[in-house]
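Below you'll find the structure, written out as C-alpha coordinates, and then a few comments.
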Amino acid sequence: MGGLNRDEGVEATDAVLIAGPTASGKSALALSLAEQTGGVVINTDSMQVYRNLRILTARPTPDEEARAPHRLYGHVDASVNYSAGRWVADATAVLNETLAKKRLPIFVGGSGLYFKALTRGLSAVPPIPPEVRNDVRARLERDGAEALHAVLARCDSETAQRLRPRDRSRVARALEVVEATGRSLTDWHRDGLPPLLPAERVRAVFLAPERDALYARIDARFGAMLAAEALEEVAALAERRLDPLLPAMKAHGVPALIRHLRGEISLERAAEIGRADTRHYAKRQFTWFRHQLPEFIWAAPAEARQVLERAEAR
(Lines of atoms letter the chains of each structure in order from A and count residues from 1; the text may use other names and numbers.)
(Lines give C-alpha, C1' and ligand atoms only; values in the text may rest on other atoms or scores of the structure.)
Protein backbone atom coordinates (compact mmCIF):
# COMPACT_ATOMS: atom_id res chain seq x y z
CA MET A 1 0.00 0.00 0.00
CA GLY A 2 1.76 3.16 -1.11
CA GLY A 3 0.97 6.79 -0.59
CA LEU A 4 -1.76 8.44 1.44
CA ASN A 5 -4.44 9.10 -1.13
CA ARG A 6 -7.91 9.22 0.36
CA ASP A 7 -9.26 7.69 -2.87
CA GLU A 8 -7.91 4.36 -1.62
CA GLY A 9 -10.88 4.32 0.75
CA VAL A 10 -11.07 3.85 4.50
CA GLU A 11 -10.40 0.14 4.10
CA ALA A 12 -6.79 0.93 3.19
CA THR A 13 -5.92 2.77 6.37
CA ASP A 14 -8.40 4.10 8.91
CA ALA A 15 -6.25 6.93 10.24
CA VAL A 16 -2.83 8.54 10.43
CA LEU A 17 -1.30 9.17 13.86
CA ILE A 18 1.41 11.83 14.20
CA ALA A 19 3.03 12.07 17.63
CA GLY A 20 6.21 13.61 18.93
CA PRO A 21 7.67 15.93 21.54
CA THR A 22 6.53 19.51 21.78
CA ALA A 23 7.94 21.84 19.10
CA SER A 24 8.90 18.98 16.77
CA GLY A 25 6.84 20.12 13.77
CA LYS A 26 3.84 17.79 14.18
CA SER A 27 1.18 20.36 13.36
CA ALA A 28 2.89 21.46 10.14
CA LEU A 29 3.13 17.85 8.94
CA ALA A 30 -0.51 17.17 9.81
CA LEU A 31 -1.68 20.28 7.96
CA SER A 32 0.37 19.37 4.89
CA LEU A 33 -1.13 15.86 4.82
CA ALA A 34 -4.64 17.21 5.34
CA GLU A 35 -4.24 19.57 2.40
CA GLN A 36 -2.88 16.76 0.22
CA THR A 37 -5.52 14.17 1.10
CA GLY A 38 -8.55 16.26 1.99
CA GLY A 39 -8.16 14.92 5.50
CA VAL A 40 -9.27 16.22 8.88
CA VAL A 41 -6.74 17.26 11.54
CA ILE A 42 -7.85 15.99 14.96
CA ASN A 43 -6.20 17.34 18.09
CA THR A 44 -4.55 14.72 20.29
CA ASP A 45 -2.97 17.12 22.78
CA SER A 46 -4.40 17.53 26.26
CA MET A 47 -3.59 21.25 26.49
CA GLN A 48 -4.64 22.41 23.03
CA VAL A 49 -8.25 21.57 23.87
CA TYR A 50 -8.46 24.76 25.96
CA ARG A 51 -9.83 27.83 24.20
CA ASN A 52 -8.16 30.15 26.72
CA LEU A 53 -4.59 29.10 25.86
CA ARG A 54 -4.14 29.38 22.11
CA ILE A 55 -0.74 31.11 22.30
CA LEU A 56 0.90 29.29 25.20
CA THR A 57 -0.09 25.83 23.94
CA ALA A 58 0.98 26.61 20.34
CA ARG A 59 -2.41 25.81 18.86
CA PRO A 60 -2.73 26.19 15.10
CA THR A 61 -3.39 29.77 14.07
CA PRO A 62 -6.74 30.83 12.59
CA ASP A 63 -5.09 31.01 9.16
CA GLU A 64 -3.81 27.44 9.52
CA GLU A 65 -7.19 26.20 10.71
CA ALA A 66 -8.78 27.78 7.63
CA ARG A 67 -6.59 25.71 5.29
CA ALA A 68 -8.04 22.34 6.40
CA PRO A 69 -10.67 21.12 8.87
CA HIS A 70 -9.37 21.10 12.45
CA ARG A 71 -11.33 19.40 15.23
CA LEU A 72 -11.12 19.29 19.03
CA TYR A 73 -9.01 22.44 19.26
CA GLY A 74 -10.05 25.09 21.78
CA HIS A 75 -13.44 23.54 22.41
CA VAL A 76 -13.12 23.36 26.21
CA ASP A 77 -13.06 26.13 28.82
CA ALA A 78 -10.14 26.27 31.26
CA SER A 79 -12.54 25.71 34.17
CA VAL A 80 -13.26 22.16 32.95
CA ASN A 81 -11.35 19.21 34.38
CA TYR A 82 -11.07 17.61 30.94
CA SER A 83 -9.91 13.99 31.03
CA ALA A 84 -8.68 11.35 28.64
CA GLY A 85 -12.08 9.69 28.94
CA ARG A 86 -13.83 12.88 27.85
CA TRP A 87 -11.43 13.21 24.96
CA VAL A 88 -12.09 9.63 23.81
CA ALA A 89 -15.82 10.34 23.78
CA ASP A 90 -15.30 13.52 21.75
CA ALA A 91 -12.79 11.83 19.44
CA THR A 92 -15.16 8.92 18.81
CA ALA A 93 -17.82 11.27 17.47
CA VAL A 94 -15.33 13.14 15.29
CA LEU A 95 -13.77 9.91 13.98
CA ASN A 96 -17.13 8.41 13.03
CA GLU A 97 -18.16 11.62 11.28
CA THR A 98 -14.85 11.82 9.40
CA LEU A 99 -14.90 8.21 8.23
CA ALA A 100 -18.55 8.52 7.19
CA LYS A 101 -17.49 11.33 4.86
CA LYS A 102 -14.68 9.14 3.43
CA ARG A 103 -12.06 11.59 4.70
CA LEU A 104 -8.73 10.69 6.29
CA PRO A 105 -8.55 11.29 10.07
CA ILE A 106 -5.15 12.71 11.02
CA PHE A 107 -4.63 12.56 14.78
CA VAL A 108 -1.79 14.84 15.88
CA GLY A 109 -0.40 15.81 19.26
CA GLY A 110 1.95 14.96 22.06
CA SER A 111 -0.29 13.40 24.70
CA GLY A 112 0.76 9.78 24.97
CA LEU A 113 -2.25 8.70 27.00
CA TYR A 114 -4.60 9.92 24.27
CA PHE A 115 -2.74 7.94 21.62
CA LYS A 116 -2.68 4.91 23.90
CA ALA A 117 -6.44 5.20 24.32
CA LEU A 118 -6.82 5.24 20.54
CA THR A 119 -4.80 2.10 19.87
CA ARG A 120 -4.89 0.19 23.18
CA GLY A 121 -8.10 1.28 24.91
CA LEU A 122 -8.73 3.15 28.15
CA SER A 123 -9.67 2.20 31.66
CA ALA A 124 -13.37 2.50 32.45
CA VAL A 125 -13.09 4.42 35.73
CA PRO A 126 -16.51 5.84 36.67
CA PRO A 127 -16.94 9.54 37.50
CA ILE A 128 -15.59 10.46 40.93
CA PRO A 129 -18.15 12.12 43.24
CA PRO A 130 -17.25 15.78 43.87
CA GLU A 131 -17.23 15.28 47.64
CA VAL A 132 -14.54 12.59 47.35
CA ARG A 133 -12.44 14.66 44.96
CA ASN A 134 -12.72 17.75 47.16
CA ASP A 135 -11.78 15.76 50.27
CA VAL A 136 -8.67 14.30 48.61
CA ARG A 137 -7.61 17.73 47.31
CA ALA A 138 -8.04 19.28 50.75
CA ARG A 139 -5.86 16.56 52.26
CA LEU A 140 -3.33 17.06 49.48
CA GLU A 141 -3.03 20.75 50.33
CA ARG A 142 -2.96 20.09 54.07
CA ASP A 143 -0.73 17.01 54.29
CA GLY A 144 1.22 17.00 51.02
CA ALA A 145 1.66 14.46 48.25
CA GLU A 146 4.07 12.20 50.12
CA ALA A 147 1.60 11.70 52.98
CA LEU A 148 -1.15 10.80 50.51
CA HIS A 149 1.25 8.45 48.74
CA ALA A 150 1.75 6.62 52.05
CA VAL A 151 -2.03 6.27 52.39
CA LEU A 152 -2.24 5.01 48.81
CA ALA A 153 0.48 2.44 49.47
CA ARG A 154 -1.71 0.87 52.15
CA CYS A 155 -4.84 0.56 50.00
CA ASP A 156 -3.37 0.23 46.48
CA SER A 157 0.24 -0.81 46.77
CA GLU A 158 0.54 -1.82 43.12
CA THR A 159 -0.35 1.63 41.83
CA ALA A 160 1.66 3.36 44.56
CA GLN A 161 4.80 1.51 43.49
CA ARG A 162 4.50 2.98 39.99
CA LEU A 163 4.06 6.59 41.14
CA ARG A 164 6.59 9.07 42.43
CA PRO A 165 5.62 10.10 45.98
CA ARG A 166 5.78 13.79 45.00
CA ASP A 167 3.61 13.43 41.89
CA ARG A 168 0.69 15.42 43.27
CA SER A 169 -1.80 14.95 40.46
CA ARG A 170 -1.34 11.22 39.91
CA VAL A 171 -1.18 10.34 43.59
CA ALA A 172 -4.38 12.28 44.27
CA ARG A 173 -6.08 10.70 41.27
CA ALA A 174 -5.19 7.15 42.33
CA LEU A 175 -6.33 7.78 45.89
CA GLU A 176 -9.67 9.32 44.90
CA VAL A 177 -10.38 6.36 42.62
CA VAL A 178 -9.79 3.73 45.29
CA GLU A 179 -11.69 5.71 47.93
CA ALA A 180 -14.66 6.37 45.63
CA THR A 181 -14.95 2.95 44.02
CA GLY A 182 -13.36 0.50 46.42
CA ARG A 183 -11.19 -0.74 43.54
CA SER A 184 -7.64 0.16 42.68
CA LEU A 185 -6.75 2.20 39.63
CA THR A 186 -4.72 -0.79 38.44
CA ASP A 187 -7.83 -2.99 38.55
CA TRP A 188 -9.82 -0.46 36.55
CA HIS A 189 -7.07 -0.32 33.95
CA ARG A 190 -7.23 -4.10 33.55
CA ASP A 191 -10.97 -3.87 32.79
CA GLY A 192 -10.57 -1.11 30.24
CA LEU A 193 -12.55 0.03 27.22
CA PRO A 194 -11.62 -1.40 23.79
CA PRO A 195 -9.35 0.61 21.47
CA LEU A 196 -10.94 3.16 19.18
CA LEU A 197 -8.45 2.45 16.38
CA PRO A 198 -6.63 -0.90 16.61
CA ALA A 199 -2.95 -0.52 15.78
CA GLU A 200 -3.22 -2.64 12.64
CA ARG A 201 -5.60 -0.08 11.10
CA VAL A 202 -3.37 2.99 11.36
CA ARG A 203 -0.09 4.44 10.19
CA ALA A 204 1.68 5.91 13.19
CA VAL A 205 4.83 8.00 13.28
CA PHE A 206 6.74 9.63 16.14
CA LEU A 207 8.74 12.70 15.15
CA ALA A 208 12.15 12.43 16.81
CA PRO A 209 14.28 15.53 16.26
CA GLU A 210 17.89 15.76 17.37
CA ARG A 211 17.73 16.72 21.05
CA ASP A 212 19.90 19.85 21.08
CA ALA A 213 18.09 21.29 18.08
CA LEU A 214 14.73 20.52 19.69
CA TYR A 215 15.67 22.19 22.96
CA ALA A 216 16.90 25.27 21.10
CA ARG A 217 13.59 25.41 19.25
CA ILE A 218 11.66 25.08 22.51
CA ASP A 219 13.60 27.96 24.04
CA ALA A 220 13.09 30.18 21.00
CA ARG A 221 9.40 29.36 20.78
CA PHE A 222 8.75 30.31 24.39
CA GLY A 223 10.25 33.72 23.72
CA ALA A 224 8.08 34.06 20.63
CA MET A 225 5.01 33.18 22.70
CA LEU A 226 5.77 35.98 25.14
CA ALA A 227 6.20 38.38 22.24
CA ALA A 228 2.80 37.23 20.95
CA GLU A 229 1.07 38.21 24.22
CA ALA A 230 1.16 34.89 26.06
CA LEU A 231 1.53 36.87 29.30
CA GLU A 232 -1.72 38.69 28.61
CA GLU A 233 -3.36 35.34 27.91
CA VAL A 234 -2.24 34.03 31.30
CA ALA A 235 -3.25 37.27 33.04
CA ALA A 236 -6.81 36.83 31.79
CA LEU A 237 -6.77 33.28 33.12
CA ALA A 238 -5.33 34.33 36.49
CA GLU A 239 -8.11 36.87 37.00
CA ARG A 240 -10.62 34.02 37.12
CA ARG A 241 -8.94 32.50 40.22
CA LEU A 242 -9.48 28.95 39.04
CA ASP A 243 -8.41 25.87 40.99
CA PRO A 244 -4.63 25.57 40.46
CA LEU A 245 -5.02 21.79 40.16
CA LEU A 246 -7.10 22.09 37.00
CA PRO A 247 -5.21 20.81 33.95
CA ALA A 248 -5.26 24.17 32.16
CA MET A 249 -3.70 25.88 35.17
CA LYS A 250 -0.76 23.46 34.99
CA ALA A 251 0.06 24.04 31.31
CA HIS A 252 3.76 24.68 30.79
CA GLY A 253 4.49 28.30 31.60
CA VAL A 254 1.18 29.09 33.29
CA PRO A 255 2.22 28.59 36.96
CA ALA A 256 5.49 30.50 36.50
CA LEU A 257 3.86 33.39 34.64
CA ILE A 258 1.17 33.64 37.31
CA ARG A 259 3.93 33.88 39.92
CA HIS A 260 5.41 36.74 37.90
CA LEU A 261 2.04 38.49 37.70
CA ARG A 262 1.81 38.26 41.49
CA GLY A 263 5.19 39.94 41.81
CA GLU A 264 6.92 36.85 43.18
CA ILE A 265 9.49 36.42 40.38
CA SER A 266 10.77 38.39 37.41
CA LEU A 267 9.51 37.81 33.90
CA GLU A 268 12.98 36.59 32.97
CA ARG A 269 12.87 33.99 35.74
CA ALA A 270 9.33 32.93 34.78
CA ALA A 271 10.43 32.44 31.18
CA GLU A 272 13.43 30.43 32.35
CA ILE A 273 11.16 28.14 34.38
CA GLY A 274 8.71 27.79 31.49
CA ARG A 275 11.48 26.84 29.08
CA ALA A 276 13.00 24.33 31.51
CA ASP A 277 9.63 22.71 32.26
CA THR A 278 8.93 22.36 28.54
CA ARG A 279 12.35 20.81 27.87
CA HIS A 280 11.82 18.31 30.68
CA TYR A 281 8.39 17.46 29.29
CA ALA A 282 9.86 16.82 25.85
CA LYS A 283 12.40 14.47 27.40
CA ARG A 284 9.61 12.56 29.15
CA GLN A 285 7.68 12.32 25.88
CA PHE A 286 10.62 10.52 24.23
CA THR A 287 10.81 8.05 27.11
CA TRP A 288 7.07 7.48 27.36
CA PHE A 289 6.48 6.72 23.69
CA ARG A 290 9.55 4.48 23.48
CA HIS A 291 8.27 2.24 26.27
CA GLN A 292 4.48 2.55 26.03
CA LEU A 293 3.80 2.71 22.27
CA PRO A 294 6.55 0.84 20.43
CA GLU A 295 4.32 0.44 17.37
CA PHE A 296 4.99 4.05 16.39
CA ILE A 297 7.70 4.38 13.73
CA TRP A 298 10.33 6.88 14.81
CA ALA A 299 11.54 9.32 12.18
CA ALA A 300 13.41 12.59 11.84
CA PRO A 301 10.90 15.39 11.13
CA ALA A 302 12.26 15.91 7.60
CA GLU A 303 11.71 12.21 6.81
CA ALA A 304 8.38 11.63 8.58
CA ARG A 305 6.17 12.23 5.55
CA GLN A 306 8.10 9.71 3.45
CA VAL A 307 7.99 7.21 6.31
CA LEU A 308 4.20 7.51 6.49
CA GLU A 309 3.82 7.11 2.75
CA ARG A 310 5.97 3.97 2.72
CA ALA A 311 4.51 2.37 5.83
CA GLU A 312 1.97 -0.39 5.75
CA ALA A 313 -0.86 -0.06 8.24
CA ARG A 314 0.41 -1.97 11.22
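For all residues, glycine too, the Cβ spot is worked out from N, Cα and C.
Keep in mind that what you see is a predicted model, and the values were worked out from it rather than measured.
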If I go by Swiss-Prot, the feature region 'Interaction with substrate tRNA' sits on one of 37-40, 45-48, 57-60, 157-160. Which?
45-48
Could you list the residues of the same chain, at least six apart in sequence, whose Cβ is under 8 A from the Cβ of Gly25 (ATP binding site)?
Leu207, Pro209, Pro301
Which of Lys26, Arg133 has the fewest nearby Cβ atoms, counting only those within 10 Å, among these recorded positions?
Arg133
Find the one among the binding-site residues Thr22, Ala23, Ser24 whose C-alpha lies closest to that of Arg133 (site 'Interaction with substrate tRNA').
Thr22
Within 10 Å of the Cβ of Thr22 (ATP binding site), how many other Cβ atoms are there?
21
Give me the non-local Cβ neighbours of Ser24 (ATP binding site): same chain, 6+ apart in sequence, Cβ-Cβ under 8 Å, ordered along the sequence.
Leu207, Ala208, Pro209, Leu214, Pro301
Take the region 'Interaction with substrate tRNA' (45-48) and average the pLDDT across it for me.
98
How does the region 'Interaction with substrate tRNA' (45-48) divide up by DSSP, counting helix, then strand, then coil residues?
0 helix, 0 strand, 4 coil
